[in-house]
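Pulled from Swiss-Prot:
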type	residues	note
DOMAIN	4-133	domain 'RNase III'
BINDING	GLU46, ASP119, GLU122	Mg(2+) binding site
ACT_SITE	ASP50	active site
ACT_SITE	GLU122	active site
DOMAIN	159-228	domain 'DRBM'
Amino acid sequence: MNQWEELQESVGFDFQDVELLKQAFTHSSYVNEHRRENVKDNERLEFLGDAVLELTVSNYLFNKYPDMAEGHMTKMRAAIVCEPSLVEFAEAIHFSKYIRLGKGEEKAGGRTRPALLADVFESFIGALYLDNGIDKVVTFLERVIFPKIDAGEYLQTVDYKTQLQEIVQRDRDVLIEYDILGETGPAHNKAFDAQVIVNGQVLGKGSGRTKKQAEQSAAQFAINQLTHR
């Protein structure tokens, strides 16, 4: 099994055009050093992948959070598709080992350079879209990105506690309290449960990997309750 067969097995998709897959992992420095091979770099695929990623993530957020304001969805999407997040996704599936670099870029540490890794993730999305279609891109993101959204990893970019405070205090002063109800799971993978109480009435409960995430989740539930009355 060569490295490209290994990569396809790793991501769970077969490419009809393996050259397109190779291009997604080809840095311009490699092209400059292999001009006789007529290879193409990944910059155009990165351009396309960036747009496909924004569309698919936007669609997921739009459907998952039907009551979230546009501004908050924008902030959340920005946190998901920012360079540090893309690097995390690329590292999780060991993309760096497949990147084709020029010797100079390799010596300069390009294989672990964050911007380069983020670009490769986007160019792979572009190649996957061209070769397999948008549905397969969504299937891939359902394994790599969407579970992190579901787990609340990006909720800190959306301050539901502030939103809730603004909603309930529009007409009167109220007392908002948050209680941590308990925790479950082993030390390395804890989950916390929280509730939000407004003027003595429990309005929402939620859970999260941290106490802050649990409180944010409870506030989000309370907002949903209030806006659907």
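Using the three backbone atoms N, Cα and C, a Cβ is placed for every residue, glycine included.
Within its own chain, GLU46 (Mg(2+) binding site) has ASP119, VAL120, GLU122, SER123, GLY126 as residues 6 or more apart in sequence whose C-beta sits under 8 angstroms from its own. The C-beta environment of ASP50 (active site), restricted to residues of the same chain at least 6 apart in sequence and closer than 8 Å, consists of VAL81, GLU122, GLY126. Excluding the listed site residues GLU46, ASP119, GLU122, the same chain places ASN42, GLU43, LEU45, PHE47, GLY49, ASP50, ALA118, VAL120, PHE121, SER123, GLY126 with Cβ atoms within 8 Å of the centre of the Mg(2+) site Cβ atoms.
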